[in-house]
Amino acid sequence: MAEYKLAVTTGSMTYAGTMDHIYVTLIGTEGQSERTELNNWGPDFVTGTTQTYSIKPKLSLGELLLVRLEKHSFLFLPENQWFCSKIVVTTPEGELLFPCYRWISNGELVELRGGKARKNFEDVHPKLIYSRKKDLMMRKNLYRWTITDPKIPHHLQFMHVSELPAEEQFSLTRTFEMKYSEARVAIALMFKGMLGSTEQWGKIEDMNDIFCIQKTTISEYVAKHWKDDDFFGYQFLNGTNPCAIKKCSKLPPNFPVTDEMVKPILGTGCSLDEEIEKGNIFICDYKIMDKIPTRMCGEEPLQMPASMCLFYMNPKNKLMPIAIQLNQQPSEQNPIFLPSDSETDWLLAKLFVKSAHALEFELVVHLMGTHFLAEVFTVAALRNFHPIHPLYKLLIPHFEYTLPINTLGRITLLGTEGAFEISTLGNEGSMELIRRGLSETTYSSLCLPDNISARGLESIPNYYYRDDGLKLWNIINSYVEKMMQYYYPSDGDVSKDRELQGWIQEVFTHGFLGNKHSGIPSDFTKVIDLVKFLTMVIFTVTAQHAAVNNGQFDYLSWVLNGPLLLRKPPPTTKGQSSLETILETVPNIGETARFAVLSLILSKKYSDMVVLRAHSEERFDELEPKQIELDFQAELFSLSDAIQTRNAELEIPYTYLNPTQIENSITI
């Protein structure tokens with residue numbers, strides 16, 4: 001009589017264990033075992049432990065295919081979910097890993113697949129085919145798309161975090177830390193008399209009070225250097241939004257900057273055309289803001305000008321702003337502001353540029369470009385990939401907490417009382433900006449090497465986002481390529497993988513709204529194309545999110561460095577501004593406090609943070625993929641060391657793409 005030994009591991013998160021009855025049935029090619037309760041002497045399913053059990057079926061099972069788990073309540077105890085991490089079964093033929101990594105409720109029946117990852121066409125046994133089909137039908141019924149706006153990415157149907165399946169919700173530890181952090185910050189600001197205050201700032205020095213909630217080395221640096229032109233330029237390369245600037249190959253006709261205007265910066269004998277030819281002139285154009293709806297402030301709508309800013313990379317390799325036009329069409333009421341203007345005129349012009357920069361960053365680059373797209377990748381994967389599929393095993397660790405943070409974010413950021421309701425744009429303008437952002441999003445813009453090339457920034461100095469990002473892209477690409485070469489030996493394997501084709505079709509339809517001009521594929525026929533797309537997905541939900549998320553408190557807690565709200569219209573003439581004008585234009589004390597709380601919460605690190613590819617789940621059972629994982633981690637460690645060595649020499653260290661600072665998924 002064959003004996004099967006089961007090593008059953010209970011998760012380590014709070015309340016993962018259970019006192020309930022757990023039953024198991026082993027299903028093989030020739031038959032199945034008796035339904036057997038897993039019951040040793042003493043507590044069985046204790047949080048963070050592994051218990052071993054022995055099962056001796058009366059009949060031969062043949063090759064082991066499935067492990068069926070059932071959970072039933074103990075006596076009259078209330079509902080008590082159990083988190084099963086994995087089951088390792090020692091069969092007469094050897095060990096098989098059965099990953100689970102999910103919560104199991106009373107009365108629920110779960111069938112686990114084990115062994116080598118398999119694509120749908122590799123299942124030949126009727127029991128496996130039936131089990132796979134049943135599981136995918138259940139998933140498509142559970143994870144349904146919904147449309148709240150036909151011009152933004154679709155999202156999961158659930159409106160509140162509590163409605164999500166248990167395995168998709170935040171851990172109790174994360175939930176507690178999030179609530180505690182928000183409450184602590186709010187209480188600190190209330191004691192300072194800031195939160196809820198409608199008073200205007202009296203002087204700039206008073207804004208330092210915002211750091212009573214927290215401060216960082218960079219946030220303090222920002223407060224001291226926000227006026228500096230070289231620091232202004234630096235942030236367009238390495239701040240919260242490093243993807244907006246591009247090389248200027250020709251001055252736009254609606255931005256009539258002359259040599260005479262910029263002579264004090266370029267120097268005598270230099271011309272704009274010459275510096276453009278040398279590749280030293282760069283531009284940010286916020287035409288995406290043109291005629292965008294804004295919210296009302298009293299009886300008048302606020303204004304968000306579609307500004308344009310010209311930069312010069314000087315001989316000291318410092319990127320300097322040299323001209324700003326606050327609206328798209330030049331006129332006497334739309335002058336070009338210059339560094340040679342009065343200090344407050346120039347500061348005010350830069351303030352409007354940074355406001356447009358910050359709003360585009362938060363709503364398009366960050367929220368839409370990472371969070372919303374990550375949810376599309378996640379929901380499509382949960383609906384189309386069976387857990388035994390190699391791409392499910394590859395991708396699912398990168399989707400942890402994405403669904404709850406997005407479900408929560410739709411309320412706290414874009415709800416009727418959300419954070420963006422008090423921005424210049426309000427909710428209506430914020431949604432319009434997201435719509436415009438998606439319509440302009442292309443596959444190339446999401447692939448960092450293509451993005452850098454399209455913006456002409458291959459050789460601009462001191463661009464650490466590019467330097468670290470391209471290294472990370474290549475490391476991820478190499479990892480994905482090795483994995484795909486193992487699981488997809490030929491292009492034909494890609495073409496006939498129905499689950500893969502279903503996934504990319506839903507991503508194309510629900511994420512990019514079927515827009516063929518975006519360049520997003522709607523199917524795959526070649527391994528090389530699959531590798532690139534998977535590299536983009538993993539890079540987007542890990543590195544790109546870290547680059548645009550983690551510096552929010554550093555750069556935006558000081559309101560003068562990137563206000564999401566400007567209360568006064570842009571200047572239409574020169575020589576009329578003062579320091580008082582700037583203080584009247586920026587958010588009041590209460591609004592500043594609320595934005596600071598937002599920047600802190602959105603960039604906070606939690607105790608259960610998992611860094612890139614450091615997750616504990618064992619999903620791959622084959623030796624070669626396991627070794628590929630180890631090699632990938634080793635390359636990340638090496639890159640981390642190189643970045644730390646580089647940063648030791650920098651006045652402003654760039655840490656956001658250090659692998660030790662990159663989360664494995666979008667969790668905040």
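Every residue, even glycine, has its Cβ placed from backbone N, Cα and C.
Copied from TrEMBL, the annotated features are:
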- 2-118: domain 'PLAT' (DOMAIN)
- G17: Ca(2+) 1 binding site (BINDING)
- N40: Ca(2+) 2 binding site (BINDING)
- W103: site 'Essential for stabilizing binding to COTL1' (SITE)
- 118-668: domain 'Lipoxygenase' (DOMAIN)
- H366, H371, H545, I668: Fe cation binding site (BINDING)
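Surrounding the centroid of the Cβ atoms of H366, H371, H545, I668, where the record places Fe cation, the chain contributes additional residues within 8 Å, namely L367, T370, A374, I405, V548, N549, L602, I666.
The two recorded residues H371 (Fe cation binding site) and G17 (Ca(2+) 1 binding site) have their Cα atoms spaced 32 Å from each other. For the pair W103 (site 'Essential for stabilizing binding to COTL1') and the residue listed as 'Ca(2+) 2 binding site', the C-alpha distance works out to 21 angstrom. Working note on the binding-site residues H366, H371, H545: by count of other C-beta atoms within 10 Å of each C-beta, H545 ranks first. In sequence order, Y401, I405, N549, I601, L602, S603, K604, Y606 are the residues of the chain that are 6 or more apart from I668 (Fe cation binding site) and have a CB within less than 8 Å of its CB.
Ranking the recorded positions N40, W103 by other CB atoms within 10 A of the CB puts N40 at the bottom. Between the CA atoms of G17 (Ca(2+) 1 binding site) and the residue listed as 'Ca(2+) 2 binding site' there is a gap of 15 Å, rounded to the nearest whole number. Packing around the residue listed as 'Ca(2+) 1 binding site' is summarised by its Cβ count: 21 other Cβ atoms lie within 10 angstroms of its Cβ, all protein chains included. If you measure from the Cα atom of H366 (Fe cation binding site) to that of the residue listed as 'Ca(2+) 2 binding site', you get 50 Å. Here the C-alpha separation of H545 (Fe cation binding site) and the residue listed as 'Ca(2+) 2 binding site' works out to 45 Å.
As a summary of secondary structure, the domain 'PLAT' (2-118) carries 0 helix, 61 strand, 56 coil according to DSSP.
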